[in-house]
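Working notes, structure below.
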Amino acid sequence: MGSAYIDIRRKLHQIPEPGFEEFKTQAFVLDFLGKLPQEHLEVQTWRTGVLARIRGTRSGDRQILAYRADIDGLPIEEETSYSFRSQHPGFMHACGHDIHTTVALGVAEHFANHPLEDDVLVVFQPAEEGPGGAAPMMASEQFAAWRPDFIMALHIAPEYPVGTVATRPGILFANTSELFIDVIGTGGHAAFPHQANDAMVAAASLIMQLQSIVSRNVNPLDSAVVTLGKITGGVRQNVIAERVRLEGTIRTLSEQAMDEVKARVEAMLRGLEAGYGVRTELDYGSNYHQVYNSREETVQFMNWVRESGSAELIACREAMTGEDFGYFLKEIPGFMFWLGVDTPYGLHHSKIEPSEDAIDVAISLVTRYLSAKSASGGKAES
Ligand SMILES: CC(=O)N[C@@H](CCC[C@H](N)C(=O)O)C(=O)O
């Protein structure tokens with residue numbers, strides 16, 4: 001099965017699309033599903049997402065087991081050595097969603113050919129990178145009609161070898177909040193700073209102040225990240241900037257720490273306005289709930305991986321990545337795990353080249369796990 005799925009991944013890799021604009025990806029998924037045996041398969045769309053339900057042989061009496069993939073790309077210019085690079089300038093699958101989607105198609109194909117007693121729901125979710133598709137998808141009529149009793153998902157992990165998976169019960173990924181700050185001063189001629197109010201100098205001071213939140217305000221026994229990833233502002237070298245925009249993200253392992261970090265950001269903006277005479281505008285963009293793996297489900301999965309030998313299991317630590325899969329896990333028992341894809345470049349890097357050998361590992365692992373779970377009436381045994 002390897003080469004067929006590698007070909008699918010390469011096709012998806014060439015069409016990365018931003019959140020809620022995954023039109024080609026959705027069409028690709030629908031086309032693939034349309035060619036599978038249709039006897040047990042039902043498909044619904046929700047915005048640019050897709051829900052594929054494979055009815056089990058005892059559908060109705062039994063539970064619905066779900067596998068979720070995110071399908072959007074990132075606004076990053078690709079710099080890989082691939083011959084099948086992105087055909088969408090400025091966009092790239094730099095977070096492995098092409099692999100996640102391919103695995104989901106493999107899972108759907110497997111169960112369309114070999115239905116379980118339980119139903120299997122394969123969720124193709126848009127907009128994970130932002131603004132967040134999980135919460136509105138869960139609130140949709142389509143999802144409510146097919147709401148699963150269990151849900152699992154994976155995320156590629158560049159640092160782990162192919163053939164390994166890593167997870168832990170409890171918190172796996174952080175609470176996140178995007179951060180958009182506009183600093184607004186008064187523009188002017190570079191030679192007359194006293195007649196202007198330089199938004200760039202105020203923004204530079206703010207950047208350094210924000211770095212002190214994690215080191216000086218957050219309890220050292222807690223964990224938090226404040227990262228600014230983008231600055232824009234100014235017009236040209238001899239014009240005092242009237243407006244500077246900072247874009248970043250806040251990550252914390254507790255909701256309390258998130259509230260504390262946000263309170264400090266707001267206090268610093270008030271201080272900046274008083275000290276520099278600028279005006280500021282603050283927008284937290286989208287916020288994601290932490291990915292909290294159900295204890296019982298995760299321990300069962302970890303035991304099953306160890307006993308079945310389906311992959312090598314790493315009991316990992318939590319990470320400061322975010323994932324709106326956390327919204328599914330807030331309401332539905334399940335877990336997320338890392339899938340080793342062995343590449344020197346990290347997630348969101350323009351040169352990331354995940355090993356495609358991991359695709360078969362994942363399809364086999366997910367289909368075997370859901371089969372074992374169904375066969376044992378909910379509790380997977382190896
Ligand atoms: C796994 C991963 O990389 N997820 C993204 C999620 C983005 C959340 C949101 N847009 C933000 O930037 O806060 C991540 O950056 O961790």
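Counting starts with 1 at the first residue shown.
The backbone N, Cα and C atoms fix where each Cβ goes, and this holds for glycine too.
Going through His348, His349 against TrEMBL, the one listed in the Mn(2+) site together with Cys95, His97, Glu129, His155 turns out to be His348. Take the CB of His348 (Mn(2+) binding site) and look out to 10 A: across all protein chains shown you find 14 other CB atoms. Shown in sequence order, Gly96, His100, Thr321, Glu323, Met336, Phe337, Trp338, Leu339 are the residues of the chain, 6+ apart in sequence, with a C-beta less than 8 angstroms from the C-beta of His155 (Mn(2+) binding site). Residue environment of His97 (Mn(2+) binding site) contains 27 other Cβ atoms, counted within 10 Å of its Cβ in all protein chains.
Residue with the densest Cβ environment among the recorded positions Asp70, Glu129: Asp70, by other Cβ atoms within 10 Å. Checking Cα-Cα distances from Asp70 (active site) against the binding-site residues (His97, Glu129, His348) with a 10 Å cut-off leaves His97, Glu129, in sequence order.
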